[in-house]
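Read the structure below first, then the notes.
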Amino acid sequence: MKPIKAFAPAKVNLTLHVTGRRDDGYHMLDSLVMFADVGDRISVTQSDVTRLKVTGPMAAGVPADSSNLVVKAAELMGISADIRLKKFLPNAAGIGGGSSDAAATLRALSLLSGQPVPDNVLSLGADVPVCLAQGAARMQGIGDRVISVPGLPMLHAVLVNPMLPVPTARIFERVENHENPPMPRGLPTGVTAAELIQWLATQRNDLQEPAIAAEPAIEQVFRILEVTPGCLLARMSGSGATCFGLYTGAETAASAAGRLQETYPGWWVAATRLNSVS
Ligand SMILES: C[C@@](CO)(OP(=O)(O)O)[C@H](O)COP(=O)(O)OP(=O)(O)OC[C@H]1O[C@@H](n2ccc(N)nc2=O)[C@H](O)[C@@H]1O
Ligand SMILES: Nc1ncnc2c1ncn2[C@@H]1O[C@H](COP(=O)(O)OP(=O)(O)O)[C@@H](O)[C@H]1O
């Protein structure tokens, strides 16, 4: 039988406002999310038992057992499958690699079986609902409320990770101020890329400060990125350590990525487009 293939793009939190904390410890968020054109690749084939093979340049450190979110996604759908996962995204990096893999697996298994994607995907992780949406979206609640944001321009970005895995829970634990303002009710749609970036500069990632306190190397990445020619805004994505730079165009982004990779060969660097639709 022919395998069903799916792409699992990197998720980028252009903003990430922490607006509260629930009694169970989970944080309330307000985040504008877009997806990159770099990501992991999944393929699934029907099988009597679930098997997983993880390959690719970023496979090191990714579990290949039942703790992998792609296996959990198959379990959630009650389907056994032979799953191949090719990792191109660094893991524990704030760009939702595992969540995006899970969402891609759910989509692929739905195509394979004809079964709909289940409603309760939040049990796989707070980032899975937004990764299922895949287009530009506003994510609220603990990640369970996803509102599609049409009309955003495509953005040229560079993603940089110093190959320092950062466990998400560790960063949320360090947040001192839980009651921060959300983004404005209306987001700027129908604007140019430069106008969107200007607006983004007035917003925040409330996890950036606690992440830098936990891993000071993140500040170094951020400072290096923000002074590259053509960079209009630099910020951390998710709980880190990946930082993104937004650029004036494809050429400045590609040139910054090339220079950074040359200067820091141990870092993961990717020039990419953030797309408003999948
Ligand atoms: C911070 C974000 C922003 O998009 O991204 P990443 O940095 O993981 O990419 C997400 O909210 C992460 O989503 P995800 O990585 O799926 O989180 P989960 O596995 O559900 O939770 C990991 C841990 O993070 C904390 N957590 C997560 C989400 C949330 N709204 N509040 C929290 O406090 C909890 O301590 C939880 O045990
Ligand atoms: N398919 C997967 N890819 C990467 N990590 C995974 C996967 N499934 C489970 N994990 C586990 O999830 C943790 C968080 O990984 P990831 O989703 O890449 O990071 P983040 O939540 O920071 O975006 C990893 O440390 C790893 O142990």
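Counting starts with 1 at the first residue shown.
Placement of Cβ uses the backbone N, Cα and C atoms for every residue, glycine included.
Just so you know, TrEMBL annotations never went through curation; they're auto-generated.
Feature annotations, courtesy of TrEMBL:
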| type | residues | note |
| --- | --- | --- |
| ACT_SITE | Lys11 | active site |
| ACT_SITE | Asp127 | active site |
| BINDING | Pro90, Asn91, Ala92, Ala93, Gly94, Ile95, Gly96, Gly97, Gly98, Ser99, Ser100 | ATP binding site |
| DOMAIN | 68-144 | domain 'GHMP kinase N-terminal' |
| DOMAIN | 201-265 | domain 'GHMP kinase C-terminal' |
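You'll find the Cα of Lys11 (active site) roughly 9 Å from the Cα of Asp127 (active site). Secondary structure of the domain 'GHMP kinase C-terminal' (201-265) per DSSP (helix as H, G, I; strand as E, B; remaining residues coil): 31 helix, 12 strand, 22 coil.
In sequence order, Ala8, Pro9, Ala10, Lys11, Gly39, Asp40, Leu89, Asp127, Cys131 are the residues of the chain that are 6 or more apart from Ser100 (ATP binding site) and have a CB within less than 8 Å of its CB. Taking Lys11, Pro90, Ser100 as the candidate recorded positions, the subset whose CB lies under 6 angstroms from any atom of ligand 2 is empty. In the structure shown, across all protein chains, Gly94 is the one of the binding-site residues Pro90, Gly94, Gly98 with the greatest number of other Cβ atoms within 10 Å.
Checked against ligand 1, the binding-site residues Gly94, Gly96, Gly98 give Gly94, Gly96 as the ones with a Cβ under 6 Å from it, listed in sequence order.
For Gly96 (ATP binding site), applying a Cβ distance below 8 Å and a minimum sequence separation of six or more within one chain yields Ala10, Lys11, Asp127, Val130, Cys131, Gly238. Same-chain residues that are not part of Pro90, Asn91, Ala92, Ala93, Gly94, Ile95, Gly96, Gly97, Gly98, Ser99, Ser100 yet have a Cβ within 8 Å of the Cβ center of the ATP site turn out to be Ala10, Lys11, Leu89, Gly238, Thr242. The DSSP secondary structure for Gly94 (ATP binding site) is coil. Other Cβ atoms within 10 Å of the Cβ of Asp127 (active site), summed over all protein chains shown, number 27.
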